[in-house]
Amino acid sequence: MFSPLTVCLSVCLCAGCLQKVVDGSGQNLDRHQLLRRMEDSHPKEDAACSIVIHAPKIMMTISECKSDGRFVNPWPTWKQPSLFSLLQWKLTERNHNGIPHKEELDRTLPIQMPYFMQSSSDTSVLDGSLRVTWLGHSSTLVELDGIMILTDPMFSKRASPSLWFGPSRYRDAPCDVDQLPENVRAVVISHNHYDHLDYNTVINLNQRFGDKLHWFVPLGLASWMHASHCKTVTELDWWQSELLPGTSVSFVATPCQHWSRRTISDENRTLWASWCILGPKHRVFFAGDTGYCSGFQEIGHLYGPFDIALIPIGAYAPRWFLKFQHLDPEEAVHVHQDVLARHSLGIHWGTFTLTDEHYLEPREELERARGRHGLTEEDFFVLEHGASWQTSTMVSAH
Ligand SMILES: [Zn+2]
Ligand SMILES: [Zn+2]
């Protein structure tokens, strides 16, 4: 019986979509099982290929893949960027990023030496507490219930396939791969854009950690990771989960509204995802790279509350072009509320020249958005490059 769930269904049977999903009771289903159960309870419709399950407490939007093997966002809040609109942006909008000389940057966006590079620091893995260190852009080191995890590690000078062109850093990474703590066990990748998945960083991480490192990636990315010498790769569709072997920490790929591309012909051939990292004592949400969509409420219903959410706040102007793929600080606060985060850290800002807003505007707009929503700096904050946020007293009650 499928009666507790009301299903709005349309069908996609392309190979990329035949992946396991988790239903509201936590039971793993593949799409064939889902379709069989839904055909028993609901007439088949023949529109696009999204599946949305509505239930009194649970609604899960499942990833959508067209017959040409390209993923699409299953929300009306999405619009795919076109070459024409990209040209329109570049030809008609003014860049206001105002990035100053290094001395001024050292004052406004200082770079701290991470705690693990300070000789006086204890770099042993924290067991009963949670710590997040910002390594610039969307790169963080998360220490959750004794496990060290990197999010979208990026330590190169340019977010580009070339050493010579493409978005460059105006703030250095606070450390190199060889300065990371030796106990890093896992990496989560949100999608394949160059500012989130960097070939040289992947190579350097593999050289340093080898097959001790477990990579969690969205659907379609495993072959690229294997070609880049990653030994242990787990590829997941939205709502699929997997334990990090030998631990009680599970990784759940969850929805976000974005897109993917690394070459001229591979647009949207791999999926994009946010990630829930669920430990026995703490929960972290990594929003990846995303515009605003209703998927975050679903994530909050299923896996919230989170002890901390890592939410992008930058690379949002001009809004007419970027609102579909990038949050602004106001929308980032909505995500903080939707996923039921106790605290949030603003990421994806202050590092690369990507878009038109002033380089300090994300931090300033976040402060204004906090004020509008009655939040404090403790609720949703930014860190200096290399700085850490830590709690040792909070214990999640789920
Ligand atoms: Zn991106
Ligand atoms: Zn990005």
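Placed from the backbone N, Cα and C atoms, the Cβ positions cover glycine too.
In the three-state DSSP assignment, the secondary structure recorded for ASP289 (Zn(2+) 1 binding site) is coil. Within the same chain, residues at least 6 positions away in sequence whose Cβ sits under 8 Å from that of ASP289 (Zn(2+) 1 binding site) are SER138, SER190, HIS191, HIS193, ASP195, HIS196, CYS256, HIS258, TRP272, PRO312, GLN325, HIS326, HIS348. Feature annotation from TrEMBL assigns Zn(2+) 1 binding site to HIS191, HIS193, HIS258, ASP289.
According to TrEMBL, the feature Zn(2+) 2 binding site maps to ASP195, HIS196, ASP289, HIS348. Annotation note: HIS348 (Zn(2+) 2 binding site) sits in a coil segment as assigned by DSSP.
Residues annotated as domain 'Metallo-beta-lactamase' in TrEMBL: 149-349.
Per TrEMBL, signal peptide is recorded for 1-19.
Confidence over the domain 'Metallo-beta-lactamase' (149-349), given as mean pLDDT on the 0 to 100 scale, stands at 96. Secondary structure at HIS193 (Zn(2+) 1 binding site), as computed by DSSP, is coil.
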